[in-house]
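What Swiss-Prot records for ARG155, LYS179, HIS250, ARG253, HIS276 is active site. What Swiss-Prot records for TYR285 is active site, O-(3'-phospho-DNA)-tyrosine intermediate. Positions annotated as domain 'Core-binding (CB)' by Swiss-Prot: 6-91. The domain 'Tyr recombinase' feature in Swiss-Prot is assigned to 112-298; the stated evidence is sequence analysis.
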Amino acid sequence: MPEREEPWRKTLETFLNYLTLERNFSGNTRASYLNDLGRYLAWLHECGVKPEEAAPGDIRKFIQELHEIGLEASSIARNISAIRSFHKFLLTERLATMNPAENIHQPKLARYLPSVLTIEEMATLLDAPLKRHPTSTFMLRDKAMLEFLYATGVRVSELLGLSRLNLHMDDGFVRVFGKGSKERLVPVGQTAISWMKRYLDELRPGMMSATSHDTIFLNSRGGPLSRMAAWNIVREHAVIAGIEKPISPHTFRHSFATHLLEGGADLRVVQEMLGHSSIIATQIYTHIDRSFIKEVHKTFHPRG
């Protein structure tokens with residue numbers, strides 16, 4: 001039986017044909033729009049929002065996610081340009097009654113400093129599952145997931161792609177397949193290992209279904225946990241923890257790297273654990289906690 005096509009694909013194809021026929025866009029530009037808008041429309045679909053009903057807040061949340069996954073400012077600017085053109089097209093063609101992207105502006109092409117939690121905020125967030133549902137079915141899953149994200153600094157896509165074969169808990173390592181299927185070994189602390197073992201032994205066997213396969217983190221139906229579900233779990237626990245900063249699964253990665261560097265970890269070692277191909281991508285974490293840098297200067301500089 002053929003897979004049902006998402007309704008937004010037809011709208012996207014109509015827009016791309018308009019770009020080619022009416023505005024003489026090149027094949028490369030068309031391909032860029034296909035990639036950028038495909039990601040945006042798939043995200044809206046996963047959120048349960050139709051393109052013609054999107055609000056400015058939806059677009060801003062999507063742009064925030066682009067920041068959180070580490071997309072360069074120039075790429076984000078290109079995405080915004082595509083989104084603005086798309087919604088303008090929907091309004092012109094009377095496929096929508098408003099243009100939610102009209103007042104969405106291009107970011108300045110400067111380095112984006114990601115949101116990072118303090119060590120105290122992270123501790124509060126990691127305890128939130130115990131406060132939210134200490135006797136609930138999903139407490140073990142949510143607690144294990146949050147602890148694992150912070151302990152390893154893995155991307156959410158890497159987390160959701162984990163299988164039992166990737167875990168080497170007796171050795172204190174996890175095998176991760178990152179961007180471009182690049183493989184790396186990342187250490188896992190004992191606290192995260194303890195919660196992962198409890199989840200895997202006490203909860204996951206009862207959650208499994210025919211669609212579970214070997215995926216570590218499962219949803220309530222026994223299928224693989226989706227990216228959006230992981231986002232919701234993080235945000236719901238952030239509310240419980242009283243954290244008002246913008247937060248996503250990627251915040252754990254940013255905080256992981258920042259806290260390691262604050263503790264004196266070597267930049268190259270952190271680069272290896274994060275799976276960055278370039279040291280430049282890791283260096284951003286040396287510029288985040290200005291208060292920490294000031295404190296170091298005050299403590300160690302003779303004129304501090």
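The backbone N, Cα and C atoms fix where each Cβ goes, and this holds for glycine too.
Geometry remark: ARG253 (active site) versus ARG155 (active site), CA distance 7 Å. Across the structure, LYS179 (active site) and HIS250 (active site) are spaced 15 Å apart at their Cα atoms. Across the domain 'Core-binding (CB)' (6-91), the DSSP tally of helix, strand and coil residues reads 69 helix, 0 strand, 17 coil.
Annotation for the active-site residues ARG155, LYS179, HIS250, ARG253, HIS276: lowest Cβ count within 10 Å of the residue's own Cβ, LYS179.
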